[in-house]
Amino acid sequence: MKFSVLVFILGLVLLLALSSATEMEENARACGSFMWKCSERLPCCQEYVCSPQWKWCQNP
């Protein structure tokens, strides 16, 4: 019983890690959303501006 619960939890953690990695990879190709780190290489999306002080995307 304990082993099956452990395997279930580890499976959920693995699934979460894989989905997070995929999401980060997809977003790396796109523009920066709200509160994302921005730079010359990764500009903010059209509706956001890059904060000069904090270097993240925010509302204008």
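From the backbone N, Cα and C atoms, a Cβ is placed for every residue, glycine too.
Taken verbatim from Swiss-Prot:
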- Cys31-Cys45: disulfide bond (DISULFID)
- Cys38-Cys50: disulfide bond (DISULFID)
- Cys44-Cys57: disulfide bond (DISULFID)
- 1-21: signal peptide (SIGNAL)
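Remark: of the disulfide-bonded residues Cys31, Cys38, Cys44, Cys50, Cys57, the most isolated position is Cys31 (fewest other Cβ atoms within 10 Å of its Cβ). Separating the Cα atoms of Cys50 (disulfide bond) and Cys57 (disulfide bond) is a whole-number distance of 5 Å. In this structure the C-alpha atoms belonging to Cys31 (disulfide bond) and Cys57 (disulfide bond) are separated by 10 Å. DSSP gives Cys38 (disulfide bond) a coil state; it is part of no helix or strand.
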